[in-house]
Amino acid sequence: MEAMMNFTSQYTVEEALAIEKEFSRLKEKCYLDHAGTTLYADSQIRSVCEGLAQNLYCNPHTSRTTEDLLDQVRYRVLRHFNTRSSEYSLIFTSGTTASLKLLAESYEFAPEGAFVYLKDSHTSVLGMREIVGTERIYPVEREQLLKELDSSERSDSEHSSLIVFPAQCNFNGVKYPLELVRKIQRNGISGYGKERFRVCLDAASFVSTSFLDLSKYQPDFVCLSFYKIFGYPTGLGALLVHHTAADQLRKKYYGGGTVKIAMAGRNFHVKRDPLVERFEDGTLAFTSIIALLQGFETLERLVPSTAGLRTIERISQQTFHLGRYCYNRLKALRHSNGNAVVKLYHDTGFEDQGLQGGIVNFNILHEDGTYVGFAEVSYMASLHNILLRTGCFCNPGACQRHLQLSDEDVLKQFDAGHVCGDANDLIDGQPTGSVRVSFGYMTRKEDIDCLLEMVEKCYIRKTIANGFTRTQIVSKYKSYDQPRLKMICLFPIKSCGAFKVTTRWPLSRRGLKHDREFVIVDENGVALTQKKLTEMCLIRPQINLKTNEMTLSHPSMDDFVLDLDLLGESQRIKLCQTKVCQDNVQAIDCGDQVAEWISVALQTSGLRLLKQSDEEVRTFQQSKQEIALANQAQFLLINQASVRWLADKVPDWDELHEEPTLESLVDRFRGNLIVETPTSMEECDWKRVTIGYLEFAVDGPCSRCQMICIDQGTGVKTTEPLRTIGREFKGKMRFGIYLSHVNPLRDGSEQWLYCNSVVEGLSE
């Protein structure tokens, strides 16, 4: 057992150093989502670019040279799987999903043929049910499939049925014995009489780090994606068809290059004879296909074959040992009361490389055994520069089985608002998904240690705190008998520092005047936030309403004054588009001078400052009120009393070098309206709010992310208070409430919010 708790690299020291040099762009990030996509090497991309720059690659329908090169790539791919073109035809597709769809559309079932699929399959396999040419569609459980290894009943029917199962489950990396292929082809499936089955192997997850030997195991169809193996190119995959199964496919649609003749005036055509030429519609992604050669070359150079072991077999060894190290280390973690910190979702204990790939799936448990939501874990991982995957990973069957959810449970979660890919991670205390980490040939032991350190730091409570708790924070502040508006905060530039107002501020049709009116974008036009650049909080805008100027300050820069009058719609301006919270937004470029100032301040070249166009109309579906560049509401209300209560719940501020103040904690929540009430959390019951003479509707609670773990005064990341919010609210990462103005004036007249106004919250 002690040996399994340690990790021994399968690479030489020289190999490990050469690999690490190829991925220096990771810097301090720990990438642990190789089941999602592995990473491409620096030299791989340079080689691809050099090839494109030095060669003339024409359309393969134009140039025989390009066509011959594509054939060489086909041979190289088949050789990787230890087979040749006399055994398998390789049809290029856009990926595994497209391969499965093509098979489902083309497979010719006999009148009584059945389509059978493993329940623990990818969503793309489940989607085949909608278009296969048979009504006999059946799922098979994992246990039932494995029983076919012992089957001896031979199939002699002419019925042509089809079964699809993965070589490796993308949920937790369990491998299915490839002996099943031959067994099912010969004996059929128990419970289906004498029906003859052809086998489709979903190999996408398996071939990323394991050797698929098609000379030993010969499924009728194999589906895969190349980015899982090489990281680049994306949007390219293959359907491998065994020559004995080629006649089972009947193509319906035909595109360019797939016919001998096609007539425009008559509905007549004749398809080409070779299978590949019939099925590859239009012009192939030929430059991407050619790039596969650099992928193979890079793998074999960085992880060279040794006596008796191919490159991919060595990679399989390395990733298995990484997975076993991670699995056993997580399994050994304990809370102070002896309870497990992690619940693992596995079908093996990482004893056998032939039965387990380099994927570890788990959820984290609190000390009392309750679940930590996967969204919270994802936020914490992001704070620690760890990239991992959460959810159900497009494998609802495996997810449901391991989380022990009935069909009724899944439907109940859906009715409660949970959908695939959202952050609704706990419903009634039960998880809707989990956390997955996965490993590639370039993964280091240090990457896993970073994950383990994060889990221990964030979820194993220490017995001694450093003393920065409520006693010190509360003593400096008094409570108020009547709720009042203490401060107005606006954020002129999205994700930058706050402009704090303690007197009064005007409203616009979008919320606070000038609030989140500007956004910083990178050289690709992508909006930046503190999730990517925490230093953005150090840029602090100030608005002068009299002069209509915005002054930008930064600790290391001279102030920059931007004349807002020069950004009017009537001026000669540069309009552009960016995307904010999934919305396309029309904006005005604020010019080169401020762009240069921001780029220097944030030490990032190519940044631009954009202002939302006055003509832009952006709304959020729940309130229907116009909003600026805020995430989803006109206003965010934060209660100081609730922040104080939350601070009392934080067990340890060990990442801070000095005692936190209430003001600094309030700043983390980036609220617009800072109120003080006699009791904490009473805002959670409000449905409507009156502040002075203005009325607001409550749009709902604010879901929090890792942004609240950034100290707005320094840009330093901490694990609190997000960790405590997740624990105190049973995984619901909510704090603060969204408001929208009920009766905004649209005739140009101004309405004002006044600090120290009485706040009245109505619960009905």
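Even glycines carry a Cβ here, placed using N, Cα and C.
Record features (Swiss-Prot):
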type     : residues : note
ACT_SITE : CYS394   : active site
DOMAIN   : 607-762  : domain 'MOSC'
MOD_RES  : LYS228   : N6-(pyridoxal phosphate)lysine
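Cβ environment of CYS394 (active site): HIS122, THR123, SER124, ASN170, CYS420 lie under 8 Å away, each six or more residues apart in the same chain.
The DSSP secondary structure for the residue listed as 'N6-(pyridoxal phosphate)lysine' is helix. Confidence across the domain 'MOSC' (607-762), taken as the mean pLDDT and rounded to a whole number, stands at 87. Annotation for LYS228 (N6-(pyridoxal phosphate)lysine): same-chain Cβ neighbours under 8 Å, separated by at least 6 residues, are ALA35, THR37, THR38, ALA204, SER205, VAL207, SER208.
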